[in-house]
Amino acid sequence: MWVPGVGLLSRLMLSALTRAGRFCILKSGAVRLMDVPAGNRRGLSDYYPHLMPSVGFGKSSSRVYRCRSETKRYITSPRVAETLVRILRGKRKSCQLFLECNPGPGILTRALLESGAKVVALESDETFIPHLKSLGKKVNGRLEVVYCDFFKLDPRSRGILTPPVMTSDMLFQYLGIEAQPWSKGAPLKAIGILPPKNERSALWKLLHDLYSCTSIYKYGRLELNLFITEKECRKIMANPQNPGLYQALSVLCQIACGIKLLHTESCLSFGTYTANGQLAKQKHRESLEQNLCFIQLTPHRNLFTGTLTPFNYDVFFHMLRQCFMKRNAKLIDHLHSLSPIDAMHILKQIKKNKDVKVIDMYPEDFQHLFETIECSKDDNYKWLYDDFMEDVII
């Protein structure tokens, strides 16, 4: 890893010298030095992720991570489970593979098995594991139960990992799931309910993993089928026609994935369990009246066939965060602090007038803006940074 000190813009020099190894500004733009061998930096339309060396399942690594007990939602209605199976399975009779995240009492697990599917139940609460294992006794090996928290795979905190916290490599290698090239279809489907207390953080982590082709996305374009709150669902599907909800998260989700709203269900149809496995009463009237939306997130096959790659995605993240910090400002005002390239020239390239506001830009407009700056040949430097961008989950 290296960061050249010669030729850097003055505002970048100190950061480059004090935080070497993260970013450098080159004549070709911003480069992110990731922990991926140079040999793997090839055509990304057929990007094969580089797998870590085999790790024994259930063994501790050299990282420390403390798992906090959390309140979780579970599907407790057979009617809801049957509805989801009908949506996901249709008339298929083939043995599809599903990763079910925190199945809890196993209501959906049973319905999936009855439909002929194969299920890997990733349960983070040991209380439910004996019951889940009992469901697999008469299904000829179509159920695998693993003590694992899907939403805490590959934590950013460093330290010893003990189940239910683990790496995706530990999990997928244990299950015998091999990496698929990005150009192929989804190797499997995951089903779950985003954690109520850190729903937004979980979404941001999934986006970081997707754009960087790390964690579960090392293994291909995994399809996620998730229950999220109606409020968060409206945000990720928002555009300039919904200015009050539109944000960086909206753009990143829509650029990365095809998003489908499959079903909407009242919170009353779900059970909330405490950390010790006890069914809890929902206290707040707001939570009782709120719906959960069942959405499907399918990564786009052509996400990495253009200028955007797993090695410069964080520049794209940074651009969007900077723009949406002052969402009602004119785009031209942001361009002066984002890039040394003439702002009017950039606007002309993307066919926008000088009065266009951030809030008026659709997701595809932001992608076009990023690609225009990245591909510009009119300047030695493409991007300006006051300090180095970090993988911070907002």
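Note: Cβ is positioned from N, Cα and C throughout, glycine not excepted.
Features reported for this protein in TrEMBL:
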- Ile75, Glu123, Asp149: S-adenosyl-L-methionine binding site (BINDING)
- 80-265: domain 'Ribosomal RNA adenine methylase transferase N-terminal' (DOMAIN)
- 1-20: signal peptide (SIGNAL)
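TrEMBL feature annotations superimposed on the structure.
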residue : record                               : CB count, 10 Å
Ile75   : S-adenosyl-L-methionine binding site : 27
Glu123  : S-adenosyl-L-methionine binding site : 25
Asp149  : S-adenosyl-L-methionine binding site : 21
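Over the domain 'Ribosomal RNA adenine methylase transferase N-terminal' (80-265) the predicted model carries a mean pLDDT of 94.
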